[in-house]
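Single-structure report; data block below.
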Amino acid sequence: MTQKLVTKPFIEVISGKRQASPPMWMMRQAGRYLPEYRATRTEAGSFLDLCFNPKLAAEVTLQPIRRFGFDAAIIFSDILVVPYALGRAVRFEVGEGPRLDPLNSPDLVGTLNGAIDLGKLEPVFEALRIVRSELAPETTLIGFCGAPFTVATYMVAGQGTSDQHPARLMAYQHPGAFAKIIDVLVESSIQYLLKQLEAGADVLQIFDTWGGILPPREFEKWCIEPTRRIVEGVRKVKPDAKIIGFPRGAGALLPAFIERTGVDAVSIDWTAEPKMVRDQVQTKVAVQGNLDPLLLIAGGSALDQGVDDVLKNFSAGRHIFNLGHGITPDASIAHVEQMVKRVRAFRG
């Protein structure tokens with residue numbers, strides 16, 4: 001008796017095969033908009049306790065898959081587990097977000113440990129193994145890390161700020177010290193991503209949430225080049241690794257990003273100009289995105305129009321339906337269901 005070959009629609013798109021109905025998932029799909037997430041988060045204690053409890057991290061990873069039937073699960077974790085594994089103090093204050101001991105001078109950068117302790121991240125790898133064992137074979141499992149520039153913005157400032165200008169300023173005033181942070185994060189990210197692949201991840205995503213704040217010259221130096229080095233480093237060990245880049249706010253620099261980094265797909269935010277993306281990006285790599293997350297609060301005809309616009313803009317090429325950034329805590333479950341139903345009904 002021959003065994004039926006299982007295909008993963010998500011992987012198919014990234015590998016070069018367009019789908020009539022695009023695969024879909026949402027950034028931050030495991031989150032506070034879900035009552036089951038909030039219950040598990042309370043059970044865990046703190047946010048980091050949830051990240052480092054393999055059983056509970058696996059549970060919240062699977063919750064949106066059970067509820068919405070997405071084509072991909074992304075492991076529940078945080079981009080700041082890498083600084084944690086580098087020996088930096090990382091904590092999450094309720095209502096205030098992440099806090100770290102800032103690396104805001106060359107002398108302080110000199111105290112940065114250059115070697116990542118992957119043992120500290122074993123709970124993440126165990127959570128990946130659990131999720132892999134419980135996911136349907138056609139569902140893709142995504143591992144991830146933060147891009148070096150974005151992670152560095154938190155390490156330099158010691159927290160999130162409105163525009164993350166402390167890191168940008170350090171890059172101008174002390175480029176050597178800032179480059180050391182980036183170099184450490186590049187090497188650490190390569191090792192972390194490789195371990196995620198070993199633990200069962202099918203695809204990797206590199207989140208450069210703050211890359212778009214950089215001018216073009218600095219974008220090349222601090223966003224494109226570090227991402228290129230990570231992609232190259234991962235593929236040196238795993239030549240077939242599938243990697244998605246997300247340089248949020250890159251805009252007109254998206255073509256340069258995909259050309260020079262070597263990513264297989266790029267996630268775009270809702271401000272990206274559709275024709276430019278179709279002509280200069282989607283002809284070369286798969287495109288992921290790009291519904292405005294606020295439409296999952298608004299709902300109604302505005303949401304329907306937003307979904308239709310994304311499908312119209314990108315369905316002719318390789319496309320993964322997603323948001324332009326993470327879903328917000330005040331998003332409506334009913335509106336997510338409305339979005340899912342509309343995307344699933346589409347045939348292009």
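Glycine is treated like the rest: Cβ placed from N, Cα and C.
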Could you look at Y154, Y172 and say which one Swiss-Prot places alongside R28, Q29, A30, G31, R32, D78, T209, H325 in the substrate site? Y154
Among R28, Q29, A30, G31, R32, D78, Y154, T209, H325, listed as contacts of substrate, what is the widest Cα spread in Å, to the nearest whole number? 23
Y154 (substrate binding site) - helix vs strand vs coil (DSSP): helix
Cα separation, D78 (site 'Transition state stabilizer') to R28 (substrate binding site) (Å, whole number): 10
Whole-Å Cα distance, D78 (site 'Transition state stabilizer') to A30 (substrate binding site), is 12
